[in-house]
Amino acid sequence: MNPDITRMARSLNEWLWQHEFWLPPGITWEDMKESEDIHYPQPRDLLLSIPFALILVVIRYVFERAIALPLGAKLGVRDKQRPKAQPNPILETFYSMHCKIPKESELISLAKQCDLPVRKVERWFRRRRNTDRPSLSKKFCEACWRFTFYVISFFTGLAVLYDKPWFWDHRECWTGYPQQPLQPSLFWYYMLELSFYWSLVFTLPCDVKRKDFKEQIVHHAATIFLISFSYCANYIRIGTLVMVIHDASDCFLEPTKIFNYMKWKKTCDSLFMIFSAVFLISRLIIFPYTVLYNTYYYSMEIFQPFFGYYFVNALLITLQLLHIFWSCLIIHMVYKFILQGTV
């Protein structure tokens, strides 16, 4: 390797891992050295999440085809037969290279090129878009996988945190910080969550694209950054609270989708109202107090502000803004449900 590149990489690595960025004032990496009995989070540990994420992708593939798909068929989840668009190279090229919903002037131009009526060209684009829409069985399988994971993750989090002092007294998140030894159960809980969100990033091109697709990308990125940074800076205790709070409402969202795909309207509506209550309480009340207030104010009782303090709070606020965005959508849906009696 070129010596100049090696030197630049070494300089960048030294700059990135300055203790001023990651640790409170007065603490250096020398204070975080491990011993036989005491282990602290190491940034290199995060690399394990990549192969674990790929394993989760394989498990998901097997789960969806061996369990979710047959289950959906037994529960009456059927895909609608959609008429396919006739092969047309000119229209297909426009659809792939330009846009999926052409303007009226473009429809007229394409109709002339293909020697077809404008109405037929318009119908071709409508059928072509319908072909790209995810099938009901695909949505059902995806919801089943996420529901299974969120339930496992949520109860794993409760089992891991139940006997931890900071689960009951949030000020305990900062006792002894940052010299808080890493327990094996916390390490594997972190790996489980981080690997799952990496797996969601890997499968984004294949997953069902919904209206909040861009917000989902921001959410995944902020979550991965937050989990990774909190691990490197040993914000493990506050990180575990963030993860278990998020999983609580997700356990109700996915079964709501599942029953919606099954056309079980009353069950779906009931679960949606439960999900809405859990989401709004956990994300707009519990999260701001347990996490945001805790990180912003309680931590200052132990140390002075530093880069890591500002960075982790910025990520948490980004998550909270997404919570507010989704809460507005949910409140709007609840309002429509109250007025119209259906979601």
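Backbone N, Cα and C atoms are what each Cβ position is placed from, and that goes for glycine too.
Because TrEMBL annotations are produced automatically, they should be read as predictions rather than curated entries.
Between the stretches 187-206, 227-246, TrEMBL puts its transmembrane segment entry on 187-206. With DSSP states grouped into helix (H, G, I), strand (E, B) and coil, the domain 'Homeobox' (91-135) comes out at 33 helix, 0 strand, 12 coil.
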